[in-house]
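Copied over from TrEMBL:
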- 10-106: domain 'Ig-like' (DOMAIN)
- 126-147: transmembrane segment (TRANSMEM)
Amino acid sequence: MSGIWMPFVPAAEVQYVQYGSTVTLNCKIFYRHDTTWFRNNPDSTPTVILSASLTEAQPVQGFQLNLRFSLEIMNRSLALKITNIEEGDLGLYYCIANVETALTVGRGTTLQVSSQGSSWSIFQHWYCLVVGFVLLVMVLAVCITHWKAHFNRENTN
């Protein structure tokens, strides 16, 4: 079989985000190794987000896909910071480093949008409450009308 060998990506944890928010993803590979971050969406091939190394205790970015992506040192690794989350940012993120001549893959993180707290979610809840209230009023109106008609028929007999 020819082609590029892709290392095993450990099971991903899920992190819920809101559009416009900021998130930092931990690599879990010791920061002394050159690190590359990837994003994989179900609809496309894996994309290199950024690559970096540590020089004089400071992260130095090599390639950077977008200015919204940057690095932070977190738990002794080069963590990926994403600002102003957009729809295209959702997907599986993982880091890869060359550790002693072997590719090592950090635990992946899947970014998914959270509907809690979003304005659309609040609108949906209020919409359901209003529709439920209107239906309740309509059922009560039908019951009252039926009861009045029944009461009037008994009084005329």
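Numbering starts at 1 and runs along the chain as displayed.
Cβ from N, Cα, C; glycine included.
Automated prediction, rather than curation, is the source of TrEMBL annotations.
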| Model confidence over the domain 'Ig-like' (10-106), averaged pLDDT | 84
| remark: For the domain 'Ig-like' (10-106), the DSSP helix/strand/coil residue counts are 3 helix, 56 strand, 38 coil
